[in-house]
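**Student:** First the structure, which I've put down as structure tokens, then a few questions once you've had a look.
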Amino acid sequence: MACGFRRSIACQLSRVLALPPESLIKSISAVPVSKKEEVADFQLSVDSLLEDNNHKSQVDTQDQARRLAEKLKCDTVVTAISAGPRTLNFKINRELLTKAVLQQVTEDGCKYGLKSELFSDLPKKRIVVEFSSPNIAKKFHVGHLRSTIIGNFIANLKEALGHQVTRINYIGDWGMQFGLLGTGFQLFGYEEKLQTNPLQHLFDVYVQVNKEATDDKNVTKLAHEFFHRLEMGDTQALSLWQRFRDLSIEEYTQIYKRLGIYFDEYSGESFYREKSQDVLKLLDSKGLLQKTAEGNVVVDLSGTGDLSSVCTVMRSDGTSLYATRDLAAAIHRMDKYNFDTMIYVADKGQRRHFQQVFQMLKIMGYDWAERCQHVPFGIVKGMKTRRGGVTFLEDVLNEVQSRMLQNMASIKTTKQLENPQETAERVGLAAVIIQDFRGTLLSDYQFSWDRVFQSRGDTGVFLQYTHARLCSLEETFGCGYLNDSNVACLQEPQSVSILQHLLRFDEVLYLSSQDLQPKHIVSYLLTLSHLAAVAHKTLQVKDSPPDVAGARLHLFKAVRSVLANGMKLLGITPVCRM
């Protein structure tokens, strides 16, 4: 695979540069394929070898590359070495390239790219990923979709790299909003509606009580009293709250099943309502609590003692806040999991909140606060269903399935499917995930129903179509051809481009593992699918000599395998027919 070639190049370079091969391997990268011209297979940035390259001109660097190229010799692995602008370029023996790459893809299967030497010094860690985190008693809003699919991707990637991952869904099941909801249900709730469509009814009640609270201060007072009763453990208030919670989780579980997502632990803010009192006691024992003129209890984070930056940890009526419960949750998780890293996947509007939580953990003496990380993301604009209004995830999933079924029905090449609804949902979800993951996570983006379902271009539908097409090719010709294959005959430009691209998969995985951005994998898979589409037209399997047909089938099988691996990391279930 790529690293076998990298090591061979690194060993040659080490003899000339008097550096250990290990220090050079990560500086040698596979060259991205080009539509315009044939490219080398690997390149070394000469800048990476120069300690003081800030003072080196382009001419100096180019001269260094040329002199270095002259000292290196071709061998059985490398057939050509050339100096480019600021780079050294290496071309691999074509027959060796073909055999090695296809053999590695076949042998490694779902681990292809993950066994690379790029990850050889990666310590295995215990990692907690908190994601999704919807608020109970509300229908699953589409705003939680990003946290859900991003968190799932991060957990998938970390797990694939051999880390021990715990997926936590930290449900918003406590707080002042439940004072409002409890009061609202007592004023406007109907038992019959709660039984037939629980979360829609609770949402309607919540909207109504919020409107009333704006005009009637007595409603706000009742809400504060209800939440205070919850915090004090009032049986009647807790019973109603527990019912809302159970109904919510029941519905959320169905949504996660449709998304193909699971959690190791369902936790909630309510679990930490008592533990948050321990946090307050610890903060008090360290002399960190101060009371404001309004009676709220705060921690001064300014560092200057002027209260220019504070975090409120308790209201004037003695009830806890989100930040206090988050502190309790972090401390409990460290006790329970002894994590090396804890990742919170939440929108960028929460950035200040997490900065304050991490800062308070440090002030409290928890050095492991450095291991906590917030992965922020932007908002989705324009994701509304045909009905308009507030967009619930269930409505989006239903619309995804409906639109995809219509698209599939209008395409003549659509196969007869055993379960068209399931296929439509999987393809539709791929479309939504790819549109979401194409850019940087921190960026807001404009959702487009029309763009998301295009079968051509850079879409999730195109990825699924490519995978299904390659499955059909294998199904049509079976394994017989593979036995007769002589992969060394794969020397056409289309074959070489695919092989060169397959070389890069480990680098792409490495990039995503460093910055936790799925866009690298998305871009890679889209390019792979475009290369496969071109090759499918030009590299015929049917009517070719058996050894050529077998070799091409072997190539397409490798593409399908890597495509499926990448899609699964992104949280997409590949379809075999569509």
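Going from the start of the chain as shown, residues are counted 1 onward.
Glycine too: its Cβ is placed from the backbone N, Cα and C atoms.
Pulled these features from Swiss-Prot for this protein:
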type	residues	note
BINDING	S133, P134, N135, H144, Y322, D326, Q350	L-arginine binding site
MOD_RES	K568	N6-acetyllysine
MOTIF	133-144	motif ''HIGH' region'
TRANSIT	1-16	transit peptide
**Student:** Would you mind checking how many other C-beta atoms are within 10 angstroms of the C-beta on S133 (L-arginine binding site)?
**Tutor:** 20
**Student:** Cα-Cα, whole number of Å: Y322 (L-arginine binding site) versus the residue listed as 'N6-acetyllysine'?
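**Tutor:** Just about 34 Å between their Cα atoms.
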**Student:** Could you give the Cα-Cα distance between D326 (L-arginine binding site) and K568 (N6-acetyllysine), in whole Å?
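**Tutor:** On Cα coordinates alone, these residues lie 31 Å apart.
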**Student:** Cα distance, K568 (N6-acetyllysine) to P134 (L-arginine binding site), nearest Å?
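**Tutor:** Cα-Cα, rounded: 24 Å.
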**Student:** Same chain, outside the motif ''HIGH' region' (133-144) by at least 6, Cβ under 8 Å from its Cβ: which residues?
**Tutor:** 169-173, 177-178, 181, 199-200, 202-203, 206, 244-245, 247-249, 251-252, 255, 268, 346-347, 379-380, 383, 390-394, 396
**Student:** What residues elsewhere in the chain lie close to the transit peptide (1-16), defined as a C-beta under 8 angstroms and at least 6 residues from its ends?
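**Tutor:** Contacts with the transit peptide (1-16): 22, 24-25, 28, 30, 41-42, 44, 68, 71-73, 75, 77-78, 90, 92, 97, 100-101, 104, 108, 112, 115-118, 503-507.
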**Student:** Reduce the DSSP letter at N135 (L-arginine binding site) to three states and note it down.
**Tutor:** strand
**Student:** If you average the pLDDT over the motif ''HIGH' region' (133-144), what number do you get?
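**Tutor:** Averaged over the motif ''HIGH' region' (133-144), the predicted model reaches a pLDDT of 82.
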**Student:** Just checking a number: largest C-alpha distance across S133, P134, N135, H144, Y322, D326, Q350 for the L-arginine site, rounded to a whole Å.
**Tutor:** 18
**Student:** To the nearest whole angstrom, what is the C-alpha distance linking H144 (L-arginine binding site) and K568 (N6-acetyllysine)?
**Tutor:** 21
**Student:** Counting only residues 6+ away in sequence within the same chain, which have a CB under 8 Å from the CB of Q350 (L-arginine binding site)?
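**Tutor:** Spatial neighbours, sequence-distant, of Q350 (L-arginine binding site): Y344, H374, P376.
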**Student:** Rounded to the nearest Å, what's the C-alpha distance separating S133 (L-arginine binding site) and K568 (N6-acetyllysine)? Just drop the number here, would you?
**Tutor:** 22
**Student:** With DSSP assignments reduced to helix, strand and coil, which class does the residue listed as 'N6-acetyllysine' get?
**Tutor:** helix
**Student:** How many other Cβ atoms sit within 10 Å of the Cβ of Y322 (L-arginine binding site)?
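**Tutor:** So the number of other Cβ atoms within 10 Å of Y322 (L-arginine binding site) is 18.
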**Student:** Determine the minimum-neighbour residue: among H144, K568, listed as recorded positions, which Cβ has the fewest other Cβ atoms within 10 angstroms?
**Tutor:** K568
**Student:** Taking 10 A as the limit, how many CB atoms besides its own sit near the CB of P134 (L-arginine binding site)?
**Tutor:** 25
